[in-house]
Amino acid sequence: MSSSPRNLRNSTTSSPRFHHHHRHAEHQDSNPLLASSTSTPPPPPLPTHLNESQEKNVLLHAVEIEPFSESSPGLSVPPFSWRKLWKFTGPGFLMSVAFLDPGNLEGDIQSGAIAGYSLLWLLMWATIMGLLVQSLSLRLGVATGRHLAEICREEYPHWATLMLWLMSELALIAADIQEVIGSAIAIKILSNGVLPLWAGVLITAFDCFIFLFLENYGIRKLEAFFAVLITCMAFSFAWMFFDTKPSGKELMKGLVVPKLSSETIPKAIGVVGCVISPYNIFLHSALVQSRKVDLKKKGRVQEALNYFMIEAFIAIFVSFIINLFVTTVFAKGFYGTSEAKTLGLVNAGEYLQLRYGGGLLPILYIWGIGLLAAGQSSTISGTYAGQFIMGGFLDLQIQKWLRSLITRSCAILPTIVVAIVFNRSEELLDVVNEWLNVLQAVQIPFAVVPLLHLVSSEQIMGAFAIGTTLEVMHSSLSFHHSA
């Protein structure tokens, strides 16, 4: 088997050693990834330091939680610790920016303007569905020590691997077009229209180099940068929320009373379609490997799963509140108005300024700052995901800066074309954004189905394979979403 960029966990070189005891010895010998420690002695741990040829392919610099102890059996889960939760905090917030990208903001705008508060319940349940999917992704990454794209390459035939890679890249390009366009719109707003869309696209295209610069100083630096961007979004959209004073009664009614009409069905599909990003499923399974976990100790693996789940819940809850702010702002200002059907990401700032005027800080610029933070964070996140997707599926043995340049180019060229072609037609650009959400929704089964298959396999997951009930629930949610 060819080598690929692995995580930096020192504890083991294979998947968990808690596999089912009925597996045949000859199957274990034919596939070392599924070997059980009951029949063969455990392999020696990886060296603490990587040599130069290995280091160039490392995509994550792991954070050590605590020193490994060979004397402790590690069967029980250690007690909860706030200090440890802080050490595990980071991957979930990097993942959560996909719930806040410009595609989501487009869905929020149109949902609020067309349906008012009536689709807030759907936003809530779609977010819960997203949390369930991401919980499986992190479970796969933690329990196996490998990410989803990597395992797909090792477990599936070559033709299936290529098909999954192509579908993943297509979804990533669709998301990246929205993210880069969102950043370009924000740059145009904040520059008072001096910089056109295509110039903003070119500026955003170089974000990957900023990301590489930060990541070279450690994953915690990159996580801190994302925290700053998420904080900017939270403050910007919270400012808009409290400044416009939406109806609290209508907000609560929209959350608890399911309501759907023939007019709001297309927007409802858009709400669900933009919450789950296929590339985010691949990304999260890789991000959790930035924390060193002793895979030979079941208690330590379960501990990591617990902390990552807590963090993912907090991060996705924050993203839900931010999406709620945006939806209710546009529901309050534009629901039932003549502007509702023409409102989109491109002209939202102008309409907000006309509706709510200046104030202490002009709402146009507050919107621009929030949109820029959303676009920048999701663009860098998409670049990060592209490295894992391409490296995992194709097993590319190239330096990470070159891999980042390749994945960036795959998305930036069609984005520039879109920016130039639709620069003079705001309505058409919003239509393109809507169709890109649909395209990503169609691609979701190509990420969710392999995830469900792998995370329910005892040969791969061992004791951490999900039960039948959970698998059926995720399958039904995935089918409903793709339908």
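Just so it is clear, glycine is given a Cβ too, placed from its N, Cα and C backbone atoms.
Automated prediction, rather than curation, is the source of TrEMBL annotations.
Record features, source TrEMBL:
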COMPBIAS  1-16  compositional bias 'Polar residues'
REGION    1-51  region 'Disordered'
TRANSMEM  114-136  transmembrane segment
TRANSMEM  156-175  transmembrane segment
TRANSMEM  195-213  transmembrane segment
TRANSMEM  225-242  transmembrane segment
TRANSMEM  265-283  transmembrane segment
TRANSMEM  304-326  transmembrane segment
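Of the Cβ pairs linking the transmembrane segment (304-326) with the transmembrane segment (114-136) and spaced 6 or more residues apart, 3 or more are under 8 Å, so the two regions touch.
Remote same-chain residues near the transmembrane segment (195-213) are listed as 180-181, 183-188, 222, 375-376, 379-380, 383-384, 400-401, 404-405, 408, 412, 415-416, 419-420, 423 (criterion: CB distance under 8 Å, separation of at least six residues from the stretch ends). Ranked by Cβ pairs under 8 Å to the transmembrane segment (114-136), the stretches 156-175, 225-242, 265-283 are led by 265-283. Within the chain carrying the transmembrane segment (265-283), a Cβ under 8 angstroms from the stretch's Cβ atoms is held by residues 94-95, 98-99, 101, 103-104, 106-107, 110-111, 114-115, 119, 122-123, 126-127, 129-130, 133-134, 137, 147-149, 167-168, 171-172, 175, 381-382, 384-386, 388-389, 392, 434, 437-438, 440-441, 443-444, 446-448, 451, 481, all 6 or more beyond its ends.
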